[in-house]
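TrEMBL has this to say about the protein:
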- A:6-31: transmembrane segment (TRANSMEM)
- A:38-58: transmembrane segment (TRANSMEM)
- A:64-82: transmembrane segment (TRANSMEM)
- A:94-117: transmembrane segment (TRANSMEM)
- A:145-162: transmembrane segment (TRANSMEM)
- A:191-210: transmembrane segment (TRANSMEM)
- A:230-252: transmembrane segment (TRANSMEM)
- A:259-283: transmembrane segment (TRANSMEM)
Amino acid sequence: MSPDLAFLIEVVVGGLLSGVMYALVAIGFVLIYKTSGVLNFAQGAMVLFAALTFVSLTERGLPFPAALAATLAAMGVVGLAVERTVLRPLVNQPPITLFMATLGVAYVIEGAAQLAWGTQVHGLDLGIDDTPIDLGGVLVSRFDLFAAATAGLMVALLSAFFRYTRTGLAFRAVADDPLAALNTGLRLPRIWSAVWIAAGIVALVAGLLWGARLGVQFSLSLVVLKALPVLVLGGFDSIAGAIVAGLIVGAVEKVSEVYLGPVIGGGIEGWIAYVAALGFLLVRPSGLFGLRAVERV
Amino acid sequence: MSAAPTLLQVEALEVVYGGAVHALHGVDLAVRAGEIVALVGANGAGKTTLLRAVSNLLPALRGQVTAGRLAYDGRDVTRTRTDALVRAGLVGVLEGRHCFRGLSVQENLVAGGLGRGSGRSDVRADLERVYGLFPRLAAKREVAAGLLSGGEQQMAAIGRALMGRPRLLVLDEPSMGLAPRVVEEIYRVLAGLNRAEGLTLLVAEQNVRLALRHAHHAVVLENGRSALAGSAASLRARDDVRSLYLGGAECPEAAAPPEARRRAPA
């Protein structure tokens, strides 16, 4: 294999693996959007809250599993509390109202997290060393592989949950046709609660992986901005779309940074995903896998 | 029949959508246990709105009951959540079928059982019952509902409602867009359930002839008001109903003066 080709593959693989991390954040959005039509801007704040809680607990001497369990419980409580106190009273309000509410929630959660745990930057060590391993001439980050495997496992668990449990069936029914689900007697508030808890758990996984990568700090909540182009590309209501789009965005970012960067100046990584998403919007407004709304009035 | 208790009572019901659009202004309707009641009327007369109000679905559609009374089996419907109504035996089949298109037929049916809160053994028993009523569904139990024909989707939607073990089944235009033979099959099953198990039915139909053939009583909606009510046989016999809804030879104006056609809401 020529060194140039090996380098290209390396860049693409690196991009794909970092794309998994974007997908992870995007899945949290999709879960809530699919079942309740709410674009939860607070997902990023939940990621920050999870990472900050976990790291602060371990720094106070809690062993890893205990801290993980405590954070998991905390995320469940946060998800439930947001659903109960903010979104349920606003049910049947226009989407923009719900979006604004989650924007407010995002700031409250960020503030609460920093009030409780302080504002300094924490390192988060998950015990995976980040030395690259050599896979047939292509160097791949060990941590990225671990992150991808974790994300894959989580997606598999979520899929199994939706496929084989009664709550999962109810979730799919609501996502498929909310009015019919309501009419069938499915208790939407219960399903929303379950989904917010699930989104909290997804935020925990994303928070740990992103926190280990970037350090646990306020800017962690800005990963939402990385998830938005992924959502536009993949469709707001498709988990598969979130994964595929995450991979595409990751790869596009890295490839353009490496190959376009020297031509038009660096820093492409920050905005190229938005350009790609905007371009894509013109062609397919509902995203790669999003449902096109066909309504009979 | 008249001794049977009233299961659903609608009195002077008014409904407004989005705070501005008056969809119903003064609807009266009573459904007694064991009856089949048809709700007939032209497009836009308010049949769908009334049935949505009966299932308390209006809040989810930005609609609101602004006046009147709506009671199911002693409950104030406007203050009872849809899922509670379903568990109390009031189950609806929406206009346009509204199957869960991405879910298999069996999953659609199981979802109906979940809505009622059925345990696993109840769900199993009810599945067999629905497959017995609609053998075509049994053959397609693993097929995504969105891929079924219109008639099969209607059967799946009715089957899903039956999984809720209704006492009052509310159907919105079950014949819409379906071949006559399929419509016959569906009505045969529904009428059979009414006879054999005393299942009470409230059916909105644009096909008045069909509705009056199967129903015991009927209510005619016109422009959001209940204009006429009575036994199906008496309505069938009326000249104005014939000419307006059953394709009689006379043109509507010639049938009868409006005062005689309309009965003031009780």
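From the backbone N, Cα and C atoms, a Cβ is placed for every residue, glycine too.
TrEMBL annotations: computationally assigned, not manually curated.
A contact links the transmembrane segment (A:230-252) to the transmembrane segment (A:6-31), because at least 3 Cβ pairs that are 6 or more residues apart lie under 8 A. Note: the stretches the transmembrane segment (A:94-117) and the transmembrane segment (A:38-58) are in contact (3+ CB pairs below 8 A, sequence gap of 6 or more). Listed stretches A:64-82, A:145-162, A:191-210, A:259-283 were compared with the transmembrane segment (A:38-58); the greatest number of C-beta pairs under 8 angstroms is found for A:191-210.
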